[in-house]
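Undergrad: Per Swiss-Prot, the feature region 'N-terminal domain' maps to 1-510; the stated evidence is experimental evidence. Summarising the annotation, Swiss-Prot assigns compositional bias 'Polar residues' to 8-27, 1123-1141, 1337-1351. Annotated compositional bias 'Basic and acidic residues' per Swiss-Prot: 353-363, 1211-1221, 1232-1247, 1352-1376, in sequence order. Annotation source Swiss-Prot lists compositional bias 'Acidic residues' at 364-392. Here Swiss-Prot flags 532, 533, 534, 535, 536, 537, 538, 539 as ATP binding site, drawing on sequence analysis. Residues or ranges marked as motif 'DEAH box' in Swiss-Prot (evidence: sequence analysis): 646-649. For 1200-1210, 1327-1336, the entry in Swiss-Prot reads compositional bias 'Basic residues'.
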């Protein structure tokens, strides 16, 4: 993989050409962006273009010859460790199934990729070295020539210099030139030797003289707040990540509510007393029962009772009176009410008069006093007669506690507006709704679940508000009756911002921090991206913040102070979740008027009038992205206070019409809610930031040139070290720039606050069926693919076809051609979409069967509606209850479907398309998620996953991603991982490791069919990361050495050849597993199994353990491979080949590269396995099959099933333990000591293991399983950055040692050397105070426990909390133990100032001032000084030969003393301390350099 970069312009050209190709509109699988058609495949091609040797413009636009270039990187499957034989279940033998532990899989594959990267970079380095060597030769020639000329001039001038001063001065100048040239020649010569060593294949580079090459040395990675995260920076980011602090550095106090409570009581004590008196008076009147129940409470403490005593009587008579009399009475009562209000105001204190004056009769329905222009109608005045004035006053003024309760479902009010009427009023296609809601068995009751009605109808809003006011008053009276003073004080922030206490206390700590952060943005007149991971309650944080703004009623400068509290607000969201927003607003803060600007809203008049009404009453307008674009002119006509984009990544295309429409709002208060703020590339991140903070990241062309291209190029696996470091620096700068305005918390960081259940996400690699394999291969070999590869045809059609074949071959071929008139029962296998023709559907069938028995509930996602239709037919045939929602489901019926599924536990499956069901939908009723096919955009699949694993979920969630091994879906999955790594590089960790080998066009259209002994390409790429999943097993779980029972099974297998295996024995094992059903809870193998950690122990165990498991490999008709007469398993895949004997090859394949970076040679491997020849030869005659056909499987079932029942009662109780069948033993489990709180987790884990065991045990087409989270979370820092940091640390340590040695006196002086406590020679300058013990407090050294500001940018090795406390380099700590109490000498002060400046000045400036440092004081000590001294002393005095040591001696001495993290530093220290050479015998010798002898 040579480093062949391709200009960015070619990528753009390719994208333009790709975008010009039309894409099918009938398929949701068509790969395009909603926001502007920015295709994912175009991203894929543009990213893979680096290093593939093929012009992207030739790929998409012009015809070109087939690819010619270096060989592609092929992952060697033999180097990935599969399940150890001792760890395999008995049922797995003969099935051809490989199971991987996810960590091992990921590490192993990454090791292979790293090796390939290393080899490619080595080849690239050699090319660069050759060029550099030629340049050095030119410089050498030029320098030698110049030196000769200078010598001639000196020879000519020397005789005349004694007689002429001018000539003497010229001669001195020429001599200085000669000296400079000589120095330059030394450097060039040293560089030449260095390059010669590289070109000559030397294993260790010749170290140059640092003094001579100091100017040419490349500066180490900058100082270094960046290379390794400092302690203070880590603590800072940890507080932000865990939701305890905002990015601006403010934290919410632990006991914040007490202080505001006292303030509120002091400020409004009279008003609180008034409310208490009124509530008490109302309670006494109700208790008397004297028809005074509806008497009004005047605002004054003393209320004249006469005018309101008989209020309830007219209400009873009003039902009989005529309308005119009724209206007359209402007018009289209204006048009385106003008179009482004005009369009561006379007696109020002056402090309350301005507040009371806001309570205009016109705004009674508008509880927030938001300048509503609404006047109540006469029909509503009857409702107002039942309203209590004190409740409205309570709402607007006090901060009393109100427990949120759902609105009562019964009663006359709700009967007036039935759900059927709501749906039919504002969506005409009710027939489609009924059909969508009643899909599946027992689906007729879907229409009973209603959506939350919005407040487009102001009458409804007034009624809802009055009901809420009544509930508040009733609740307050109840608390007063019980003398419950549990009212929560408001949460107060800076500048008068308050959040109602009852609302704020219900937020999690990280959500409270989010509200605080939103307020800080508000004060700065800036927008922000709330990027919390999906399911962490971003909606609630926004509602709480908006409620706080409205509740505080403060004017801010952002809108020229024209809005008191909260002004009109626009919320743009996907259509699926519009009514979800309404529900949340009505639940958390009912006073808001929330209207939906959409066809599904309750407003039936012109949309323009709704926009005007909401803007004037300062309400909340919820609309969709399409309406923002369509009604852009009408909406932008008004001044909006806040614009909030839910799922704001919809505007990720900066040139899309919807993006430009959203950016035209005239307000600085812009908020984006997105769980995936960066999905594909940095261009999308720029688009989002340009909305919330225009100009923050400059213009797009400049941003792309300065940030996007360097960061992206540095993320490729074949990037040069310069590109890697450049990408790191740019990522650090970009991260620091956007950090304050992007708040992102992950579930893993706030999991303790949420009490979220565990999530288990795995990737199932499914085998293609024979028919799928044939169709796929035929298409790959077709003319269409040839034309695509030649650039004569666009790539989209080919990719879509491949994805269809992976899902189901009938989607591509159209299915079997059937004759008319044949009965349906005979056409089952020939029907379109028959499930046994798709490998993934076979897996789904097994999953659903197991989960249905366990009582789990499932979400089944697919990209394609056609695939959903096939799955729907399958579910009907299997008699499963289900619901379905796709793009054709009407907006009006989506929320009722979601609500129904969450509430009705009898519905087993919910079928959804990934895009429709993946945005903002809350489906916590399910705890199992199946993603049937992957999407190019990783956030699309992530959104689907997060539907179930979010706040409100009580059960453990299991997510299965289905991929077909060796097909285009694996390439899509790789692309997802690369995009996620790119996102992490900017948003999370700039040191994110590189990935993504440069896939080219040819590689997309290939098919690799891994068999049982082969691993998938993904498994190979991520080997060693622990992503492979071991097969769960019920037997042979605890054996570490070969079991005794296995030895006794050997003669049995020798006595009975494979052709004579009893069918009854084969069936009995399956009968047992089926009889157990869902109650069997398999236990997974321990991930810390010594067999996995120690390859040598693994090799010693494999033979006998595999022997014991091979004896019972055939366990049932569904698991049987077709056994031929000679005892070998026949191969039904059509290739006519059989895999190698598992005892000889497969174990070696899996152990080859799992633990070593360099694979052992073939000769070593063969020699290793020669010792195992006698142990393994007895089953060499047996082979595993790669695939087996469904037809042969069904043939066996027909012959074996009649014999199952008689054997069931006889053998179902006898299970095997340690390889021996124990009479009456039903089953066994591993004994585990676990606490009571861990039992439920173990049970859930056992359920997942049981599912995996069944998947692997049956011939359901599962090839292997990987753990997705281990891939995403297990990425280590980039090795180039680690090496650079290790080199820098080593240079600092050597510099400190060199200076220290210069300060020490020789042996002839007789002065003891400084030991840290005693001695004089070489002691720090601070120890040489000889002029008194006086101490100046202004210049004394701070105690080491105090936190120094330099800790934020210290450049030592990162010290994490909970880890070993080692002294940091440049930590600001004192150099000696007693310096805190002694005076600070001037030399020591200068030393500390220079140490501080070392973090700021460039290295070249430090080198220039090096002589000053040497003359004055030492650099502060580093944590590696002791190691360096120990290394030097060992090589100088303790090795076999003084002054030098062999590599073997050094390893024996230091290998046990070093941790893995110290290896890089140790290597650099050794290279700088010694020179290396090899003896004639090939032994490596390290010899101390003269200055360290």
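The backbone N, Cα and C atoms fix where each Cβ goes, glycine too.
Describe the structural surroundings of these features, if you would.
TA: Here the Cβ of residue 534 (ATP binding site) has 22 other Cβ atoms within 10 Å, regardless of which shown protein chain they belong to.
Helix, strand and coil residue tallies for the motif 'DEAH box' (646-649), in that order: 2 helix, 1 strand, 1 coil [DSSP].
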Undergrad: Below 8 angstroms Cβ to Cβ, which residues of this chain, lying six or more residues outside the motif 'DEAH box' (646-649), approach it?
TA: 529, 538-539, 571-574, 577, 581, 672-674, 676-677, 679, 684, 688, 691, 919-920, 939
Undergrad: In sequence order, which residues at least six apart in the same chain have a CB under 8 Å from the CB of residue 532 (ATP binding site)?
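TA: Correct list: 510, 514, 538, 541, 675, 743, 744, 745.
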Undergrad: Validating a neighbour-count step here. Other CB atoms within 10 A of the CB of residue 539 (ATP binding site): how many?
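TA: Excluding its own Cβ, residue 539 (ATP binding site) sees 23 Cβ atoms within 10 Å.
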Undergrad: Other than 532, 533, 534, 535, 536, 537, 538, 539, which residues of the same chain sit close to ATP? List them in sequence order, counting a residue when its Cβ is within 8 Å of the Cβ centroid of the site.
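TA: Here the nearby residues are 675, 950, 951.
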Undergrad: Measure from the Cβ of residue 535 (ATP binding site) and count the other Cβ atoms within 10 Å, all protein chains considered.
TA: 21
